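Trainee: One structure is given below, represented as structure tokens, and several questions about it will come after.
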Amino acid sequence: MIRSLRAVSRLGARGFSSFAAARQENTTVGTTYQEELDVVNQLKGSVTADDVTRLARMRNIGISAHIDSGKTTFSERILFYTGRTKEIHEVRGKDGVGAKMDHMDLEREKGITIQSAATYATWIKENQDYHFNVIDTPGHIDFTIEVERALRVLDGAVLVVCAVSGVQSQTMTVDRQMRRYNVPRVTFINKMDRMGADPWKAIDQINAKLKTRAAAIQVPIGSEGDLAGVVDIVKEVAYYNDGASGETIRVAEIPEDLKELVAEKRDLLIQTLADVDDEIAECYILEETPTEEQLRGAIRRATIARTFTPVLMGSALANRGVQPVLDAICEYLPDPSDVVNTALDIKKDETPVHLTPAAKAPFVGLAFKLEDGKYGQLTYLRVYQGQLKKGMSIINAKTGKKTKLARLVRMHSDEMEDVDSVGAGEICATFGVDCASGDTFTDGEVTYSMSSMFVPDPVISLAITPKDKGSLTNFSKAMNRFQKEDPTFRVHFDAESKETIISGMGELHLEIYVERMKREYNVVCETGKPQVAYRETITTAAPLDFTHKRQSGGAGQYARIIGEMSPVTDMNAVNEGKATFAAENIFKSEIVGGKIPEKFILACDRSFHETAEKGPLTGSRVLGVEMLINDGNTHVVDSSELAFKVATQRGFYETFMQCSPVILEPIMTVTLTAPVEFQGALIALMNKNQALISDQDIGSEEVTLSGECSLNQMFGFATHLRACTQGKGEFSLEFSHYAPCSPHLQKELVDAHQKKLQAERDGK
């Protein structure tokens, strides 16, 4: 697939630092930001004046944060202040309506966002209309794929941080995702009306924990219940929110008691920008005071270059400080023409091609989300090049299938607005397109392909069976639909246990799908106990020498393979805590002179990877194993691809057991938050679950503990946490790495697997 400047930065973001050497680094594709800027300017030279005007007033943004930081409440204010909705509805409002962006019944009942929701809104700034495509994303780690696919197609984001809790576990996850897709952000410190709100501590945490240069461009007027508005440090004016819902902005002079603080924070802003912007650095060296225009320009340049994030503050729930964030989105976040997007030209040996956001260019778009709507499958598309028009035909670059678009819509949560066309840089949805998330579409004039989003592996599984055998048809429909919608939701049938197994990112993730099956398909299911996704690997090398011989009259089977099996992982580095177990399996052939024909080697390769799907210890997937074949024998009559396939499979199992095999269990990063009086109870609970505590953050109201714990210890943890914190604690889990389980647990798992196999043999 694609090597995109925007999309494939799994190894790290194109991060920049204040230092000259770091400014030259670009971990994605080996280019500097200046080189990227040169490409942007070159592409802008190939678009029309109409394209430039249209794109300059367009923003594709996401709202991301830790769970319960106020993302959806903030999104509701955006809808209200832009005139998209006529009244404000809260996430847990008393009017029974619920937030507009949480359109699923389950979301409104649980008070959390499960699916990302998109909307289109218009904001007027300085008498200019700016058009926003806004995507509100979930905060819970179990629904991380919703954040991944949103950030994949967005040009900028608003990172919402709680003024009381500061940077939390999922904040750090979202930060990594933004870096993966090179998405610049502005930061909004929310909940400034809460007791214990400390925006300066939150900014310090952004700098320290996220390793991102951040500085305030606002100072709050008042605090907690007396929060009245904000002072704009750049423009040096005060903004007050008046009206019943804070809809009226009153501009005034800076309050006398805040002038000293504003001057201090303005100096700090200039110092921070001097580290990342040459123009401000020159002013700083010459001891000149930058003008407002110079500061605004520097903030925009540094934000788009992802070397800096401007920090705004307020309270979405109290209707304070939201409108200035909308202005900041217009002023500091990039429009679609400021971002380099690259595809591969399949007909030209996958040569990278920069996409031009011009209306007259050949159409190129990416399907980033599928949803089952009232009128069939709804496919969300981001248009990167050209125009998408109602009635035109588009071609799936992967399958070659052609589809005529009968309907184009802009989304407003679960409502739709029909449109005749959408241009480059826009997001829309359509019906009747058979595809998967991440598929590229063109109009047939070009053969381009774009990369998909990063999809993490599931960490938890459970068996599921419909109670009523008459529901099997609907059960199958639900499974097929959910898999198409969510790449992190996996389904497979276990031939040994004769059970359907579903896998996902956590207990809540699977619980939601079981509940959706009941509500949307009227299928009530029984579920087994959640099972950990164990893995198997080896820790030492051993020689491989296996002969498969079978004679049964006529042509028999003969294959001999000689070589070695060894761990891919550097075990010394693992033992020293400098590395984790490798995830890939590697097959190598060093056969010379045609001693084993190439077609038999290919059969060995396929058999090796197939066999690695089920290890000999517990039937779990094998990872981090290398098989080398450097010798062997064949028989002129009896050797075949099947014989070498069997020899590889049996040789794999036999040698695997000689390589000091171990079972690996998923280790999770766990973060607990509760009122400070429960600190002792949280520590005791972590110790009880054999967690290794790595960090404590004790605030005025809350205490946060972070550490690592095996997933096996975390089942039922929510119940124990509620009990020891009187229902006031919360926790989050995120997969960290695989590590060997204890010898005692390994023996238990191996014995249980052997008993299961014996029971199946006896049953036959």
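Each Cβ is built from the backbone N, Cα and C atoms, and glycine gets one as well.
Residues or ranges marked as transit peptide in Swiss-Prot (evidence: sequence analysis): 1-23. Marked as domain 'tr-type G' by Swiss-Prot: 56-337. Feature annotation from Swiss-Prot assigns GTP binding site to 65-72, 136-140, 190-193; the stated evidence is sequence analysis.
Set these features in their place in the structure for me.
Mentor: Around Lys71 (GTP binding site), taking its Cβ as the centre, 29 other Cβ atoms fall within 10 Å, counting all chains.
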Trainee: In the predicted model, what is the mean pLDDT computed over the domain 'tr-type G' (56-337)?
Mentor: 85
Trainee: What does DSSP say about Ala65 (GTP binding site): helix, strand or coil?
Mentor: strand
